[in-house]
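K.L.:
Okay, these came from TrEMBL:
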ACT_SITE  280  active site, proton acceptor
BINDING   99, 101, 102, 122, 134, 135, 188, 195, 290  ATP binding site
BINDING   281, 290  Mg(2+) binding site
Ligand SMILES: Nc1ncnc2c1ncn2[C@@H]1O[C@H](COP(=O)(O)OP(=O)(O)OP(=O)(O)O)[C@@H](O)[C@H]1O
Ligand SMILES: [Mg+2]
């Protein structure tokens, strides 16, 4: 290579040379505070997501562990770090004292898919929103968030995912972990950290102008289809008067309703209980994020609650769709600055239609079926499946795994071949008949596709709590990370 051909990067760390885009920064400082990162006594890379490095246009082989530590542990950043301001309804009570208290936006950049992504931190130190807390994330919290993102991604849920987890060598005190406990800093890639609560705060402050600006920018950036469908000029908002509701804003809200309804259906089909669906944990893109006390359900139980502090089951597994709908309804309050209330009500109306359609589609896919048979027949099978899951002792994920494992073309010929070793309880017999009935709409050639679909929708491993504890224990006791890395591999199968 001649001297002229030698690449001459600004730094030798490819992460610092990425084309970061200041979308959030350009909103102006009404929406964030510029903050600094904590200085940590130790930086040990515990997790790197090479899949995501590729997604942001990097060849993972060219990114060294030290590069990741420099950017996402020592925070040699290229842009100001923004702690975003937000409020939110927490367990139904409005809390005006929130905001990024232990994280910030490190930067934003385009994925290879052309979409803008946030790199957001968690556990990176105190900010003006930390209140009395330490601004830190426990190592176990980081490990759990990695696992949730990867598992949900594997199950086809629209979700944020962790890019890195770096252990930081501090001792933290927590009421819900044996303490002192180890610390880490996590960086996650998500579609956006703009939350429902971001708009709620602006309403609380009476800043309709800032709401209008944020909605316009949100639509332009994250709802291009709405922007294209309705090329209305941006409504200039003069404080004091009320802009007329343009179709664009209703289309945006209607699309958000659809995305959130689908997300709730995705969680339900995945057997996932998010656990803390406060409005500050709802992204304006309709993406799932913030994995704290979540759990994958061991058995089908609508009342299953994952957070020990959720005393009344507000965020129980079975309450996720109604709560998402309630959150969408509360979002109408700030959005009234730019959109008509009745029109938003009308846009919220089909929430359960979207939800039910997506849930039915996903449950049928978990059973191996695509659309293409009478609607009632499919609905009947889904209902019978739920009845079986409720009335027998079978585990939620175990049941679908067994279908995937045992599926055989003979099921198509003979109803008694379907899960032959399963019990003969009445509900199971009825389920077999429904399943067999639906199979009769399938041609032999399509059976191969069913096998593929079963593999796609039903992973071999689902991280119910004992699975997570089983990988955490060796980390906690012997600093042995192998079971964790092994579990990450198993999740992919
Ligand atoms: N250890 C902490 N130090 C400072 N603030 C904290 C800490 N833990 C939580 N908070 C703040 O409490 C609020 C609610 O926390 P929640 O657990 O929903 O969010 P989070 O997990 O910190 O972050 P995110 O929603 O970005 O995933 C947020 O304002 C958050 O910043
Ligand atoms: Mg949160």
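Backbone N, Cα and C atoms are what each Cβ position is placed from, and that goes for glycine too.
Give me the local environment of each listed feature.
P.N.:
Around the Cβ of residue 280 (active site, proton acceptor), a 10 Å sphere holds 22 further Cβ atoms from the protein chains shown.
Around residue 102 (ATP binding site), taking its Cβ as the centre, 22 other Cβ atoms fall within 10 Å, counting all chains. Under the DSSP three-state reduction, residue 102 (ATP binding site) is assigned to coil, being neither helix nor strand.
The DSSP secondary structure for residue 281 (Mg(2+) binding site) is helix. Residue density at residue 281 (Mg(2+) binding site): 21 other Cβ atoms are found within 10 A of its Cβ, drawing on all protein chains shown.
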K.L.:
Within the chain of residue 134 (ATP binding site), which residues six or more apart in sequence place their C-beta under 8 angstroms from its C-beta?
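P.N.:
Result: 102, 126, 172.
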K.L.:
Filter the binding-site residues 99, 102, 134, 188, 290 down to those with CB closer than 6 A to an atom of ligand 2; keep them in sequence order.
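P.N.:
List returned for ligand 2: 290.
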K.L.:
So how many other Cβ atoms are close to residue 99 (ATP binding site), meaning within 10 Å of its Cβ?
P.N.:
23
K.L.:
Give the sequence-ordered list of residues that share a chain with residue 188 (ATP binding site), lie 6 or more positions from it, and have CB atoms under 8 Å from its CB.
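P.N.:
Listed in sequence order: 119, 120, 121, 122, 145, 149, 160, 161, 162, 163, 289.
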K.L.:
For residue 290 (ATP binding site), write down the residues of its own chain that are at least 6 apart in sequence and whose Cβ falls under 8 Å from its Cβ; none is a fine answer.
P.N.:
276, 281
K.L.:
So, in DSSP terms, is residue 134 (ATP binding site) helix, strand, or coil?
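P.N.:
Looking at the DSSP assignment, residue 134 (ATP binding site) belongs to neither helix nor strand, so coil.
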K.L.:
Roughly how many Å separate the Cα of residue 280 (active site, proton acceptor) from that of residue 99 (ATP binding site), to the nearest whole number?
P.N.:
9
